[in-house]
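Asks: To start, I am sharing the structure in question, which I have written as structure tokens.
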Amino acid sequence: MNKKVLTFLGISFVIIVLDLTTKSLAEKYLADKAIEIIPGLFNLVLVWNKGAAFGMLAEAPETIRKLMLVGSSIIAAVITAGYVFKSNAKLSNLEVLSLALICGGSVGNLYDRFMLGQVRDFLDFYINDHHWPAFNVADASITIGIALFIGYELFWKKRRITN
């Protein structure tokens, strides 16, 4: 197997393990209490999220919500993995990293949705009474992966091709 494919699989695996481990710890230790980490800015608090990242689609009808969320997680994982396996020799290290972050995060949340019917979120950032929706390692991984991929495609790839 190609080095880039192995890197992709390794990073994806680490994200999945990190995500599921932190969610299990959150479920175990935060079930009945929140822990203030940085007063006025950051808490650890268990939130059961039936929606997508940052609570999106939480109010959608259950059947539609489940189909969209499970389907989108499967599609994201399959597309990112397929893209890496098909064009691995042409991918930059940053592209491999960004796609692995997206894939690993998608699989982590897919596990929760499939096995638990909802996702365990626990990272709560806020300023005063204004809270950002709670999220987890998978959500952060997907968001960072998408940002890196878009940034690479818009800014860095052009420079790489012209040099």
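Here the Cβ of each residue, glycine as well, is placed from N, Cα and C on the backbone.
As listed in Swiss-Prot for this protein:
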TRANSMEM  5-25  transmembrane segment
TRANSMEM  37-57  transmembrane segment
TRANSMEM  67-87  transmembrane segment
TRANSMEM  91-111  transmembrane segment
ACT_SITE  Asp121  active site
TRANSMEM  132-152  transmembrane segment
ACT_SITE  Asp139  active site
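In the displayed structure, how are the listed features positioned relative to their neighbours?
Replies: Within its own chain, the transmembrane segment (37-57) has Cβ neighbours under 8 Å at 26-27, 30-31, 65, 68-69, 72, 109, 117-128, 132-135, 139, 142-143, counting only residues six or more beyond its boundaries.
With a cut-off of 8 Å between Cβ atoms, the residues of this chain six or more beyond the transmembrane segment (67-87) that come close are 4-5, 8, 12, 51-52, 57, 60, 96, 99-100, 102-103, 106-107, 109-110, 113-114, 142.
Counting Cβ atoms from all protein chains shown, Asp121 (active site) has 26 others lying within 10 Å of its own Cβ. Asp121 (active site) falls within a strand segment according to DSSP.
DSSP classifies Asp139 (active site) as helix under the three-state reduction.
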Asks: Can you name the far-off residues of the same chain, 6+ from the ends of the transmembrane segment (5-25), with a Cβ under 8 Å from a Cβ of it?
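Replies: For the transmembrane segment (5-25), the sequence-distant neighbours (Cβ-Cβ under 8 Å, at least 6 residues beyond its ends) are 81, 84-85, 88, 93, 96-97, 99-101, 103-105, 107-109, 111-112, 120, 122, 136-138, 141.
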Asks: Neighbour count, 10 Å Cβ-Cβ cut-off, for Asp139 (active site): what number do you get?
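Replies: If we count other Cβ atoms within 10 Å of Asp139 (active site), we arrive at 22.
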